[in-house]
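The feature signal peptide is assigned by Swiss-Prot to 1-31, with sequence analysis given as support. What Swiss-Prot records for HIS259, ASP272, HIS358 is Zn(2+) binding site, and it gives similarity to another entry as the kind of evidence. Per Swiss-Prot, the feature disulfide bond maps to CYS301-CYS347, CYS391-CYS406; the stated evidence is similarity to another entry. For HIS317, HIS356, the entry in Swiss-Prot reads active site, proton donor/acceptor.
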Amino acid sequence: MQHKRSRALASPRSPFLFALLALAVGGTANAHDDGLPAFRYSAELLGQLQLPSVALPLNDELFLYGRDAEAFDLEAYLALNAPALRDKSEYLEHWSGYYSINPKVLLTLMVMQSGPLGAPDERALAAPLGRLSAKRGFDAQVRDVLQQLSRRYYGFEEYQLRQAAARKAVGEDGLNAASAALLGLLREGAKASAVQGGNPLGAYAQTFQRLFGTPAAELLQPRNRVARQLQAKAALAPPSNLMQLPWRQGYSWQPNGAHSNTGSGYPYSSFDASYDWPRWGSATYSVVAAHAGTVRVLSRCQVRVTHPSGWATNYYHMDQIQVSNGQQVSADTKLGVYASNINTALCEGGSSTGPHLHFSLLYNGAFVSLQGASFGPYRINVGTSNYDNDCRRYYFYNQSAGTTHCAFRPLYNPGLAL
């Protein structure tokens, strides 16, 4: 592969155009891909998802794996309320964290589709999410529904950003990404008795409140907040001195092209990195926290670190995790190593082509584009497609030295920007 040097691209003036640099137009996976295309919304489809005039949209932050999910002890909740599901705790936590969907959302949908969690019958264990998924088996349905919710959520955000960039009104109907994702999924499974007619989001909100005691004022949000939130999100980038690269200071690793968390669709929130991109069974190296924050161990192979500001980073395909839930870490604290064994790297299933770290950027539980994000002195330009490795479009720009660094070339980690 030939890597060309290029000058840093000028930043567009509009935050919506800035965000559009991260919209997906295809691409080929190098290391990690769920294999499903992005969910595409249209005006016609959205016309079928109108909120009832008396309904309020759901709070995005309670839909996503953000502060509320991080404070939720899923294993303890299942032990008390659903002992038959306790052995599924890590599986639920892992995939909820991977798709960054609050596990409370999943449990609420289970109750709506198959009844109380306390004593599920054989049918409920085989198909806990009923007609919301065409898959069979507990694990398959759980992952399928989380994947559907994620695709719908980010597909809606992408559609809104395109509309805003075209100077079309967005958010005025009060429909936000969380509401669109859940409403669309529930109406897909409308033959299930729990969501026949009426307001399926109302039934969802009531069930959520009953299960977790969340006040309506927290679960719902005013309609007029939707457009403001979109505009704020379009211009998001972490503070330039908050993060470093996720490997040891003083070392050089090779990152690949930016891509979505799943390898297809929007936003380009992630990149994969490895010391030397070896085969399975080869030596692997230390993964460190890119910034200070609180640890959440999502599974044996996945960790998240969340800064008090709401910025977070996710670390997947891990091994030898040496931090624990609630632990406070600083930048460059060792979290573990990236796994050299495929079964360890994919501790709850999935796909991967070889040993590497899958690294993602989030804000308040939502995956956000790496466009313009700084890691030490390097500012990222994400390119125009998933896994875009062309250095004319995707690169790390060293703001101190004025140099451009391409994909699959060693990238030195000097630490945090001064």
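The backbone N, Cα and C atoms fix where each Cβ goes, glycine too.
Sequence-distant neighbours of HIS317 (active site, proton donor/acceptor) (same chain, 6+ residues apart, CB-CB distance under 8 A): CYS301, TYR338, ALA339, ALA345, LEU346, SER352, PRO355, HIS356, LEU357, HIS358. Around the Cβ of ASP272 (Zn(2+) binding site), 28 further Cβ atoms fall within 10 Å across all displayed protein chains. Of the candidate disulfide-bonded residues, CYS347, CYS391, CYS406, the one lying closest to ASP272 (Zn(2+) binding site) when CA atoms are compared is CYS406.
A distance of 15 Å separates the Cα atom of CYS406 (disulfide bond) from that of HIS259 (Zn(2+) binding site). Cβ environment of CYS347 (disulfide bond): HIS94, SER299, ARG300, CYS301, GLN302 lie under 8 Å away, each six or more residues apart in the same chain. Every protein chain shown contributes to the tally, and the Cβ of HIS358 (Zn(2+) binding site) ends up with 25 other Cβ atoms within 10 Å. Straight-line distance linking the Cα atoms of HIS259 (Zn(2+) binding site) and CYS391 (disulfide bond), rounded to a whole number, equals 15 Å. Counting other C-beta atoms within 10 Å of each candidate's C-beta, the recorded positions HIS259, HIS356 are led by HIS259.
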